[in-house]
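J.: For reference, Swiss-Prot lists these features for the protein:
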type: REGION; residues: 1-84; note: region 'Domain I, interacts with DnaA modulators'
type: REGION; residues: 81-104; note: region 'Disordered'
type: REGION; residues: 84-131; note: region 'Domain II'
type: REGION; residues: 132-348; note: region 'Domain III, AAA+ region'
type: BINDING; residues: Gly176, Gly178, Lys179, Thr180; note: ATP binding site
type: REGION; residues: 349-468; note: region 'Domain IV, binds dsDNA'
Amino acid sequence: MSSSLWLQCLQQLQEELPATEFSMWVRPLQAELNDNTLTLFAPNRFVLDWVRDKYLNSINRLLQEYCGNDVPSLRFEVGSRPVAAPKPAPTRTPADVAAESSAPAQLQARKPVHKTWDDDAQAIADINHRSNVNPKHKFNNFVEGKSNQLGLAAARQVSDNPGAAYNPLFLYGGTGLGKTHLLHAVGNAIVDNNPNAKVVYMHSERFVQDMVKALQNNAIEEFKRYYRSVDALLIDDIQFFANKERSQEEFFHTFNALLEGNQQIILTSDRYPKEISGVEDRLKSRFGWGLTVAIEPPELETRVAILMKKAEDHQIHLADEVAFFIAKRLRSNVRELEGALNRVIANANFTGRPITIDFVREALRDLLALQEKLVTIDNIQKTVAEYYKIKVADLLSKRRSRSVARPRQLAMALAKELTNHSLPEIGDAFGGRDHTTVLHACRKIEQLREESHDIKEDYSNLIRTLSS
């Protein structure tokens, strides 16, 4: 009965919740009914607390509907699927060990190299050396915000239960938003949990280079064996596979082999899978088999938190008002923020001056001037009009049809986020509208970004275009 009862609840929750929420928080739950107690198992404490906080009332309501007076009591526990025991490693000769100790990028003609390991610890160290995972990028130094919350939660779940939670996990968004940091954080967490795990991180171009060298050295079988033997494969910027047919063909088979073996795949891209041109449809389809999550430009509070965290790492005191001054003017990505802060700190060290708003304005004058020049209300209006294939005059008009009103609201919200203009100034720029109209538009778009995947995508695309 437990499976059918929970299945009914799942089906109803799937209708009620946004697809991303359902896939991330509810789908991973497992159910067991014993002695009129329904136990829901979450893959980790983070998911358990989130589900209990956000969805407990909905689950209890559905149990009441389906069970009437015989409602089972509800319990939550942290539990994970049993992991199959690893297969015993085949006996290897010293030549085999030496051959496997080189990543495919260095594949050459096979020569027996007599090399022995003192103990298993050396072998593990070698695996970690080959992984290319940056030990500096961990979950504990990743600054969480509304813009990356879902991506961070998914990455944590994958690291706790690789190959089972979400496979593949596909993270997409503009440059410098933290996708690569999350890849490394997952890799580090997997190895922390299991030092014997084979985790490989690489840029997609490295995969292509490895394959080309393997073909040149007649070592394609070694190439296949290397990539298909990993426990987790983390590939950055998958869009660089575009128009590389042979690489796509090989990755297609590698992808299938890893999925069949319950080995984790995490991919990143600068755009949504279906928007990647030059990549075969069968690959784009597979990219969406697991969970696809957008990493968006950080909102103001997150930008401030990032600056404060980086200043702390440098053992520099950064006043709140200074952090807000920088964060309000540099909005596009984390990398830009870090670069600006590094310049400010360097200037302060060279001159011995305290870091004040006036000092920051002087140290970053060229960067701030460029930013103000790039993002103007006029530029926003032109970009939004072009995106929705309407005229700028429509945005300034009194027309209230959905095809014009929604782009106008989006443009107002973008103007509030990307410029330093006040609400009355924004209203004036949109046909002399009142500041309350602008405020309503901003709140409406914020609500729609939570409820509508299309609006969320449009907003992210426009921010990316305006900030590039």
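For all residues, glycine too, the Cβ spot is worked out from N, Cα and C.
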J.: Including all protein chains shown, what's the count of other C-beta atoms within 10 A of the C-beta of Lys179 (ATP binding site)?
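T.: Total other Cβ atoms inside 10 Å, all chains included: 24.
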J.: Fewest neighbouring Cβ atoms within 10 Å: which of the binding-site residues Gly176, Gly178?
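T.: Output over binding-site residues Gly176, Gly178: least Cβ neighbours within 10 Å is Gly176.
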J.: Taking the region 'Domain II' (84-131) alone, what is its mean pLDDT?
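T.: That region's mean pLDDT is 40.
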J.: If the ATP site is taken as the center of the Cβ atoms of Gly176, Gly178, Lys179, Thr180, which further residues of that chain fall within 8 Å of it by their Cβ?
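T.: Leaving out the recorded residues gives Gly173, Thr175, Leu177, His181, Leu182, Thr268, Ile295, Asn333, Val334, Arg335.
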J.: Might you list, by sequence position, any residue in that chain lying six or more from Thr180 (ATP binding site) with a Cβ less than 8 Å away from its Cβ?
T.: His137, Asp236, Thr268
J.: Let's see if you can do this one: DSSP helix, strand and coil counts over the region 'Domain I, interacts with DnaA modulators' (1-84), in that order.
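T.: Computed counts for the region 'Domain I, interacts with DnaA modulators' (1-84) are 45 helix, 17 strand, 22 coil.
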